[in-house]
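Enquirer: Here it is: the structure, laid out below.
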Amino acid sequence: MGDNPVMNWNFTKMHGAGNDFVVLDGVRQTIEMTPERARALGDRHFGIGADQILLVERATRPDADFRYRIFNSDGSEVEHCGNGARCFVRFVHEQGLSDRNPLRAEIATGILVLDEGDDEQVTVEMGSTRFDPAALPFDTAGLASRTQGQDTLWDLELDPPAGMPRTVAVSAVAISNPHAVQVVDNVDTAPVSVLGPLIETHPRFPRRVNAGFMQVVDRHNIRLRVFERGAGETLACGTGACAAVAAGIRRGLLDSPVRVQTRGGVLTVAWNGEQLRMTGPAESVFTGQVDIDKLVFSMALNR
């Protein structure tokens, strides 16, 4: 490291309903993200600490204002993050990168429309939802299934510790990124920390999956916990909330709009059978500067 120039990155720490992010301006500073750098930034002991790293870049397509990239705390780049999208537009406005509202953000699978309201809430048009297992992808060959309402429930076989269910019935939902949603009696007692990793890394999901645990309170209210792919359980998951609501409506359990109570706060999801809209908070916590290569080097010494 001795002869390398110092590479300081300015960042903002943000959260949306407790789902926390390190947000980087890749428009006014040069950001070359790598898995090692993302892991260092996201590490809660040796780095800044976050569920995901969000990167604002110049758009690569004419119908977008900016490009929105997401990296999990394990270093993997993912397609979408709903809570992050709300923080993305708040960051762009607070940093003076644009005053356009709504804002169009380019993600790997299309365009998100982000609308920051006067009430400190941000609404994200999440795009379309797919229920074809191949869209996740999800290998369902040989799996038992049954129909509930308009939805298909797949019996996913697990190998859990003794006393845990060996089969869980999941809905397969793709909202740019993949989700497997199950209904539980009580999210407080659901074995999220045990079953979550087993579902996330199940071989039938070759690109891994986000595991959702949904408790139906009534037709317009649910409680939700999500074990996120590449991040573990987070206090909230925006795409997970949308996936749970869409699955619940298709199963005949819910009616739009739905209030989603997460451990970090409340999100509201509306679905008309095609387009999803999610509304929730986005908060800036603090700003700072990090010597990224020094951080990566320091982490390597401490491993």
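Backbone N, Cα and C define each Cβ position, glycine as well.
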Enquirer: Since TrEMBL lists Asn19, Gln52, Asn72, Gly82, Asn83, Asn177, Glu228, Arg229, Gly238, Thr239 for substrate, which candidate among Asn8, Asn101, Asn210 does it give for that site as well?
Expert: Asn210
Enquirer: Give me the CA-CA distance between Asn83 (substrate binding site) and Cys237 (active site, proton acceptor), in Å, as a whole number.
Expert: 6
Enquirer: Could you tell me which of these binding-site residues, Asn72, Asn210, Thr239, has the greatest number of Cβ atoms within 10 Å of its own Cβ?
Expert: Thr239
Enquirer: Around the substrate site formed by Asn19, Gln52, Asn72, Gly82, Asn83, Asn177, Asn210, Glu228, Arg229, Gly238, Thr239, list the extra residues of the same chain whose Cβ is within 8 Å of the site's Cβ centroid.
Expert: Asp51, Ile70, Val78, His80, Cys81, Gly84, Val226, Ala231, Thr234, Cys237, Gly240
Enquirer: Looking only at Asn19, Gln52, Asn72, Gly82, Asn83, Asn177, Asn210, Glu228, Arg229, Gly238, Thr239, which the record lists for substrate, tell me the maximum pairwise CA distance in angstrom.
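Expert: Answer in Å: the longest Cα-Cα distance is 17.
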Enquirer: Counting only residues 6+ apart in the same chain, whose Cβ is under 8 Å from the Cβ of Cys81 (active site)?
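Expert: Listed in sequence order: Asn19, Gln52, Leu54, Ile70, Asn177, Gly238, Thr239.
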Enquirer: Cβ distance under 8 Å to Arg229 (substrate binding site), same chain, sequence separation 6 or more: which residues?
Expert: Asn72, Ser76, Val78, Asn177, Pro178, Glu200, Arg208, Val209, Asn210
